[in-house]
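Chemist: Mind looking over this structure? Questions follow.
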Amino acid sequence: MADTLTLFTSIGLSEQKAKETLKNEALSSSLKEAITQVQHVHGASGVDKAMGTLLYSMASRLKDTKRLAFLSNSIAQRKICTELQLAAALDFVKSHPQDPINQKEFDEACGVGVVITPEQIEEAVEAVIKKHKEQLLKERYHFNMGLLMGEARTALKWADGKAIKNEVDMQVLHLLGPKTEADLEKKPKVKIGKSLMEQLRGEALKFHKPGENHKTEGYIITPNTMNLLKKHLEFTGGQIRTRFPPEPNGILHIGHAKAINFNFGYAKANNGICYLRYDDTNPEKEEEKYFTGIKDMVEWLGYEPYEITHASDNFQKLYDLAVDLIRRGHAYVCHQKGEELKGHNVPPSPWRDRPIEESLVLFERMKKGLFAEGEATLRMKMVMEDGKMDPVAYRIKYTPHHRTGNEWCIYPTYDYTHCLCDSIENISHSLCTKEFQARRSSYYWLCNALDVYCPVQWEYGRLNLTYTVVSKRKIIRLVETGIVRDWDDPRLFTLTALRRRGFPPEAINNFCARVGVTVSQTTTEPHLLEACVRDVLNETAPRAMAVLEPLKVTITNLPENSKTDVRVPDFPAEEAKGSHVIPFTRTVFIEQSDFREVMEKGYKRLTPEQPVGLRHAGYVISVQKVIKDTQGQVVELEVTCCSTETAEKPKAFIHWVSEPLVCEVRLYDRLFLHKHPEDPSEVPNGFLSDINPNSMQLISSALVDTSVKGAKVFDKFQFERIGYFSVDPDSTADKLIFNRTVTLKEDPGKI
């Protein structure tokens, strides 16, 4: 051990780094072998620090140790002299697993023997600075110098980075002169959130390029891999291909919005295509309304599938591949019952080693319906990351399929179907949520076991929201118990519910962008989504006035039949965007909360001693008489008015309506009282015990100004001073119904 430690420090590793390396047995062994290889060429003391750094980097990054001697020798002979060359060398050996390596191709790919002269560096930097000269002179030292470095490096791939930087610094100094005080001032940071397209475009995500599947972590390379990738590229032309593959057994929810944005958005941002593929392999749970609902929501979010496909399109092809899998010795027919396969440390199947011909016959009998449900399954001979052994590939179900009817009585599982459908559709990037990471090795194993094109699976963090449940089973319970009306009840976070509540699709997409495409699991507060909704509706929802709890006001100094038109801007901050006209008569209605009979400190609205302005009307009103009913409740005010031009400026302006429409308004709050209604530690009696009794308030006789007359379902408005509202599908020709989408501001009382 001491000898090895000395060996590692002799090539320039610090003692601490050397000790850490010794703890990693595989790395320690590879590095020791690499150093020994170089010492054969240069002698025991011939490994300098630069060479030692390359050897350590190579040993820690090389997956295929049979290439260790070849690469060590290349470093010893000083063919590989820089980190840039080493990275190219590692890529080359990974993509050329077959022996022997073509030395000429290797040298060319790694820049072996390429000499970049100082004159070449000078000329390249001159050309780049000339290109950006105008902007450089304008921004001076605030210009992004990394851009100059990057472009010069692109022009001279194998040049020394330090030499390029020195040349850039020298030429910039020659052009701009020494830094001034203004140059030394920090450039103010402008905080602008990246759009989803910006996040998904280019190298923001460290995804492989199409056809470079073999360069990704964990990807299995077989003797036929490069040939299959070549055929894949010939078919796709190097195009990025993704897919959104929901099960048609429920309605999409807010978590699916991230998946839709990620899959469709990544393809769109990179001029690729995205399939909408229904994973319809479980006929017991699939219904037409789910197929339709999923497609509607994808299109509502603004995405157009390149093609709509179904796993069932490939049932015959998948069956044929299963037969091939048995023939190759990778699958067998098993008779263990479902309950025997549950739990941990399940013993191996007693039928695991049955003869191939026997499994082929039995699989054919399964297909012909000669076994009862649960009497036989087809299982794959593999162990998954979580220790699950031999996952099921096919099971028997005597249930007619939504699309294929009674043609099949055996159906493939997700573990079998998904990667093969990705392969059949030539998907380049199979994007899925983090919980599928445990199935990545089975994904690669199956494609390689069948010797078909293997896409790359990438996992990203799932999006969860607090104060809600999204599981199909739990939403059904909410519907069955009458707590919510249906899947699109606006208190839920299904996409149909959010649409019904009035959430614009752009806001949901912006929310997904704000959350980002991180790989970490994200649990987010609803108010962050609501903030995105306000941002969109503030720009798109025209203003109207509505009174939810009306108080009648009679303006006594106006004639009985007085009626004038008042023009109200749709967007007060941008009056050029249009306006509408509403009537103003002797009788108007204001909110009950905008009047108090007894003046209180800090209250700025209407009291018998304090006048108030009427928004947009050009009048200030003063109370003359307060009229009450027999219970002592205020039912009407008699007031006088005067023009805002002559009156003293009031402390506040309130909204009002006159000759209004009587409408129904539904006000929504959180459905659950606790952040995590499914967590037994927060809610010991289960999510159904956590319902907020005030999650919906129905106002049957709200008054809304006439500008909303003729509004269509899902039309959106800002009711001034109240919130954003959307027309509900329950509306009729006689009565409009509005859902409050969000309040104007976040409720500070919410935690």
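Cβ atoms here come from the backbone N, Cα and C positions, even for glycine.
So TrEMBL lists the following for this protein:
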DOMAIN    3-161  domain 'Glutaminyl-tRNA synthetase class Ib non-specific RNA-binding'
DOMAIN    164-191  domain 'Glutaminyl-tRNA synthetase class Ib non-specific RNA-binding'
DOMAIN    193-230  domain 'Glutaminyl-tRNA synthetase class Ib non-specific RNA-binding'
DOMAIN    239-538  domain 'Glutamyl/glutaminyl-tRNA synthetase class Ib catalytic'
DOMAIN    541-640  domain 'Glutamyl/glutaminyl-tRNA synthetase class Ib anti-codon binding'
DOMAIN    653-728  domain 'tRNA synthetases class I (E and Q) anti-codon binding'
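Context for these features, please: burial, neighbours, distances.
Modeler: Looking only at the domain 'Glutaminyl-tRNA synthetase class Ib non-specific RNA-binding' (3-161), the predicted model's pLDDT averages out at 87.
Broken down with DSSP, the domain 'Glutamyl/glutaminyl-tRNA synthetase class Ib anti-codon binding' (541-640) shows 6 helix, 53 strand, 41 coil.
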Chemist: For the domain 'tRNA synthetases class I (E and Q) anti-codon binding' (653-728), give the DSSP counts of helix residues, strand residues and coil residues.
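Modeler: For the domain 'tRNA synthetases class I (E and Q) anti-codon binding' (653-728), the helix, strand and coil counts are 7 helix, 31 strand, 38 coil.
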